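If you look up TrEMBL, you'll see 5-240 marked as domain 'Aspartate/glutamate/uridylate kinase'. The annotation site 'Transition state stabilizer' is assigned in TrEMBL to Lys8, Lys223. Per TrEMBL, the feature substrate binding site maps to Gly40, Gly41, Arg62, Asn157.
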Amino acid sequence: METLSVIKIGGNIIDNEASLSSFLKSFASTPGKKILVHGGGKLATKLASQLEIPQQLVDGRRITDADTLKVVTMVYAGYINKNIVARLQSHGCNSIGLCGADGNAIQAHKRNHPNVDYGFVGDIDIINVPLFKNLLSQDISIVMAPITHDKNGQLLNTNADTIAQEIAKGLAAHYDVSLIYSFEKAGVLLDANDNETVIRFLTPGYYSELKDKNLVFAGMLPKLDNAFVALDSGVTKVIIGQADQLEQLIAGNQGTTIINE
Ligand SMILES: Nc1ncnc2c1ncn2[C@@H]1O[C@H](COP(=O)(O)OP(=O)(O)O)[C@@H](O)[C@H]1O
Ligand SMILES: CC(=O)N[C@@H](CCC(=O)OP(=O)(O)O)C(=O)O
């Protein structure tokens, strides 16, 4: 089977010009089929605050009211997505930027949570496998923004780690898929502030222990929940690590590798 790398970049990388620039250069030179998934939560929060739209995150997920939906659509599906595509083109990496509504790439429904009203947040129903395969077969890399739609004209905000997981899972029957969560830290850390404490291999049991001790928290929770779902769904390799070590992460030489037992 052909290999496919689904690579997610974190918000702190997007926010840092030097890190973004070096990451995009490495992504462009990564061999094989590839999909880049980006968020941009940090920039959305900054812009919302300038517009005096209060923001609230629950378990790493943004409560998205109508005004916030406008902001995140402009930031993710507009500025960040198009900026990344233009810069990949400058490195000779032909790419196309999509949100979930483009080509009906990702259909979702508004989240229905028993205790929390998340507003316009989407839980994914289906990804458009033929669309992804078609673009990849033409050697076009896909740059995916974390905005989905419900097929009734409603855009929805969806966590970017979940988008990466669903794409990796949806394409696992067609490619040998590696899912890489790249961000500003060296991996899942025993001490979240110390890059020297990388956990090289993480099992579900160890993850539960770390959660009980509050050693993993905030955005790392949805990231790891998604990582384990991907591994259970036929994705070959799931790795979490530093964006400036992309080549080593893909090779499995750095970062945290998610394993079953
Ligand atoms: N054990 C841990 N190891 C590394 N980071 C952790 C850990 N627990 C919590 N975190 C936090 O999770 C953050 C990553 O989540 P998030 O900001 O949502 O990711 P992204 O940068 O991909 O958007 C890190 O910046 C860090 O502050
Ligand atoms: C529903 C939800 O939480 N959506 C996320 C989408 C962006 C994202 O995931 O960005 P990072 O990867 O930079 O955190 C949000 O608006 O923050």
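Quick reminder: no glycine exception, Cβ is built from N, Cα and C everywhere.
Location within the structure of each feature annotated in TrEMBL.
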residue	record	Cβ contacts under 8 Å, 6 or more apart
Lys8	site 'Transition state stabilizer'	Leu36, Val37, His38, Gly39, Ala160, Asp161, Ile163, Ala164, Leu179, Ile180, Tyr181, Ser182
Gly40	substrate binding site	Gly11, Ile14, Val75, Tyr76, Ile80, Pro146, Ala160
Gly41	substrate binding site	Gly11, Arg62, Ala160, Gly219
Asn157	substrate binding site	Arg62, Thr64, Thr68, Leu69, Val72, Thr73, Phe120, Val121, Gly122, Pro146, Ile147, Thr148
Lys223	site 'Transition state stabilizer'	Gly60, Asp161, Tyr181, Ile240
Remaining residues near the recorded substrate site, that is with C-beta within 8 Å of the centroid of the site residues Gly40, Gly41, Arg62, Asn157: Gly11, Gly39, Ala44, Thr45, Thr64, Val72, Val75, Tyr76, Pro146, Asn159, Ala160
Cβ under 6 Å from ligand 2: qualifying recorded positions of Lys8, Gly41, Arg62, Lys223: Gly41, Arg62
Surrounding CB atoms that lie within 10 Å of the CB of Arg62 (substrate binding site), all protein chains: 22
